[in-house]
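These features come from Swiss-Prot:
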- 6-238: domain 'ABC transporter' (DOMAIN)
- G40, P41, S42, G43, C44, G45, K46, T47: ATP binding site (BINDING)
Amino acid sequence: MDNCILEIKNLSHYYDNNGNKTLDNINLKIKKNEFITLLGPSGCGKTTLIKILGGFLSQKNGEIYFFSKEISKTSPNKREINTVFQNYALFPHMNVFDNISFGLRMKKTPKDIIKEKVKTSLSLIGMPKYAYRNINELSGGQKQRVAIARAMVMEPKLLLLDEPLSALDLKMRQEMQKELKKIQRQLGITFIYVTHDQEEALTMSDRIVVMNEGIILQIGTPEEIYNEPKTKFVADFIGESNIFDGTYKKELVVSLLGHEFECLDKGFEAEEAVDLVIRPEDVKLLPKGKGHLSGTITSAIFQGVHYEMTLEIQKTNWIVQSTRLTKVGEEVDIFLEPDDIHVMHKE
């Protein structure tokens with residue numbers, strides 16, 4: 001991989017002496033200036049991986065190369081890697097300026113350089129007039145920005161962010177997502193971001209690493225992860241999905257509920273049992289008799305930007321999202337284009 005700055009090779013970690021693994025044979029390459037997100041449910045190993053990369057935890061086996069140098073034995077303060085934690089870890093007895101400048105002062109950086117770097121950092125996070133505010137006077141979003149500024153002022157080659165926005169309300173979280181992406185682009189620093197929030201990962205990332213039970217299930221762009229999931233878990237975890245049992249009848253044709261549909265996926269045997277993934281927003285509703293399969297709307301909920309409806313077809317429930325409401329009890333048909341159906345091998 002061109003411009004690779006971090007390479008993780010065959011890395012494993014055990015959480016007890018019985019061989020139970022938190023991380024199982026992790027292999028990953030990360031590029032310079034990349035915003036990469038580790039995404040998965042609680043307990044999947046993503047925070048453990050961040051702690052190992054930051055030097056706060058040691059792996060059982062495997063290697064970590066940072067700019068081609070093995071750093072497993074390198075102490076955290078010598079790695080040129082900084083970490084922003086979920087709880088901010090700010091010093092409550094220091095003001096904003098002193099919090100941001102703490103690392104620089106520990107390195108005995110000249111005062112005039114410290115002043116200039118802090119000024120630049122405050123401007124970057126949109127808080128130029130907050131240098132001498134007390135930490136307890138700040139909102140949650142402002143505290144998070146200060147924590148990020150404190151990490152960035154050290155000019156790390158790599159910034160690790162462990163669920164930094166999880167304590168914020170929805171609106172503030174969305175605003176900070178935009179700010180973080182903007183800051184990352186301006187500085188050209190590589191970000192490794194940890195979250196269990198699928199929307200957050202899809203919004204911010206250049207690439208997403210989907211993890212579960214200590215292993216990497218899929219690596220790809222947000223578009224690849226959403227539109228081309230490789231496993232049932234990924235399809236179900238990233239957004240809402242309709243996942244049905246189907247049959248790959250022949251090349252570019254699948255069978256679902258007795259109807260044959262055209263598809264775009266290849267690489268399957270004739271008559272192979274497969275999983276079919278259909279996103280709720282891709283299901284088109286038509287008047288009865290005009291589509292592929294017929295069913296009845298059994299529920300409808302308004303969710304702000306669209307209606308989410310449940311459609312029963314041959315005793316299977318389909319989630320359908322549309323800006324147009326179809327009333328409960330109404331009989332309709334569905335219509336699917338070839339690119340609305342994603343075919344996966346059975347696990």
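Glycine is treated like the rest: Cβ placed from N, Cα and C.
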Local backbone state of S42 (ATP binding site), from DSSP in three classes: coil
Lowest 10 Å Cβ neighbour count of the binding-site residues S42, T47 is held by S42
Would you list the other residues of this chain near ATP - those whose C-beta lies within 8 angstroms of the C-beta centroid of G40, P41, S42, G43, C44, G45, K46, T47 - in sequence order? H196, M211, N212
Taking the binding-site residues one at a time (G40, G43), which has its Cβ surrounded by the most other Cβ atoms within 10 Å? G40
Tell me the Cβ neighbour count for G45 (ATP binding site), meaning other Cβ atoms within 10 Å of its Cβ, over all protein chains shown. 24
Candidate with sparsest Cβ neighbourhood (10 Å radius) among P41, C44, K46, the listed binding-site residues: P41
Segment confidence, the domain 'ABC transporter' (6-238), expressed as mean pLDDT: 93
